[in-house]
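Participant: Sending over a structure as structure tokens; questions will come in a sec.
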Amino acid sequence: MREIIHLQTGQCGNQVGCKFWETISGEHGIDQTGRYVGTSDNQLERINVYYNEASSKKYVPRAVLIDLEPGTMDAVRQGPFGELFRPDNFVFGQSGAGNNWAKGHYTEGAELIDSVMDVVRKEAESSDCLQGFQITHSLGGGTGAGMGTLLLSKIREDFPDRMICTFSVVPSPKVSDTVVEPYNATLSIHQLVENADETFCIDNEALYDICFRTLKLNNPGYGDLNHLVSLVMSGVTTCLRFPGQLNADLRKLAVNMIPFPRLHFFVAGFAPLIAIGTQKFKTYSVSELTQQMFDSKNMMTACDPRKGRYLTVAAMFRGKISMKDVDEQMSMVQSKNSSLFVEWIPSNVKTAVCDIAPTGLEMSATFVGNTTSIQELFKRISDQFTVMFRRKAFLHWYTGEGMDEMEFSEAESNMNDLLSEYQQYQDATIEDAEEFLVN
């Protein structure tokens, strides 16, 4: 089977990751101890992608849990699904990274990385035909950002031909945890551009907006945000976990979604987004799902797709839905909003349908877009970075761990290059496209 090894690093990465395992265990009929209690053969047909079948019919996640301090790990162990994970796959330090990217990447993280890679290799060896890795982490902290990107480069070194996909939580000024987030995020994006194959950008600001506006929550906590992220992760990985045709592995998804290797940062969305407790009172049609899914208010990334253009889009519908309805609705969206799709990639919207609906819903749709409007998000981080870096504010925390100012300048210019690449393709017409293809 085409296995995927899941790595979660840092506090945010571990919390989001655990929610993901809770969600997909529910969908595959796996209980909290790893026993199968489901009812459908489809649940087991591709279970080996994410789970290893151990002795006595216990299903164990192919997950490695990493942190530079023991607190989050203890919380995971004591949580509802703590017994699901293999005890040897918890790898943690004692010192923490103190929200410092340099500690995660160069000092504390570098000391722990060999033990992490040993576990990763062991998981890879127990795979039959490994397709790749997925990482959940945040870009604003020390461990998820610094050590997460160190892990990324080590995996790229050891497994050069496997796919690496990241679910990266991007910091936002409205929901700020630390003042040095713009530094940590810019240094991380510098690494993601070079080493990741696919990055789903999840944005705390957008998640909070969804909680307030759509779900009508007065005081959303991280639990609510992580629930939203797990909906998207479950939707995005549906094609990998259940029998289906389109985008059935990480590489096919990448081939459909990434026209230029550096532009692999995706916006994700989900429909229906409904307040908890109201799902029983409403059924949705395919057209409502499609409209919601393309609505910027449903995007988990704080950028407005109407301000840019879509290079490519993938949509995953779930539930008892006719393929014909889906195709009709999707082509309607495209013809109504034709100016939002670049015309030089002819069939740039791909659709998949999976019979198995997510738990508690009759049908759902997950949206993945490669849109040039994501430059808003990079621009926001880059502007904050520049303001601080010009004054060299807080730099001593990084140089004290052995980093060089040069590395900051390189990360800044890589970010600026990325912005201008997105802008170039946003403005491009069919005539220009012929030039790209010639180059």
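Including glycine, each Cβ sits where the backbone N, Cα and C put it.
Worth saying up front: this structure is predicted, and the values here are computed from it rather than measured.
Marked as GTP binding site by Swiss-Prot on the basis of similarity to another entry: Q11, E69, S138, G142, T143, G144, N204, N226. Among the features that Swiss-Prot reports, Mg(2+) binding site is placed at E69.
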Participant: Among the binding-site residues listed here, S138, T143, N204, N226, which has the most company in the form of other Cβ atoms within 10 Å of its Cβ?
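Facilitator: Output for this query is T143.
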Participant: Non-local Cβ contacts of G144 (GTP binding site) (under 8 Å, 6 or more apart, same chain)?
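Facilitator: Spatial neighbours, sequence-distant, of G144 (GTP binding site): T9, G10, Q11, C12, G13, G104, H137, S138, V169.
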Participant: Please report the three-state DSSP label of S138 (GTP binding site).
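Facilitator: Once the DSSP labels are grouped into three classes, S138 (GTP binding site) ends up as strand.
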Participant: Just checking a number: largest C-alpha distance across Q11, E69, S138, G142, T143, G144, N204, N226 for the GTP site, rounded to a whole Å.
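Facilitator: Binding-site diameter by Cα atoms for GTP: 23 Å.
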Participant: CB neighbours of E69 (GTP binding site) within 10 A?
Facilitator: 19
Participant: Tell me whether N204 (GTP binding site) sits in a helix, a strand or coil according to DSSP.
Facilitator: helix
Participant: Let me know the DSSP-derived helix, strand or coil state of Q11 (GTP binding site), please.
Facilitator: helix
Participant: Around the C-beta of Q11 (GTP binding site), how many further C-beta atoms are within 10 angstroms, looking at every protein chain?
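Facilitator: Other Cβ atoms found within 10 Å: 24.
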Participant: Note down the number of other Cβ atoms within 10 Å of the Cβ of G142 (GTP binding site), including every protein chain shown.
Facilitator: 29
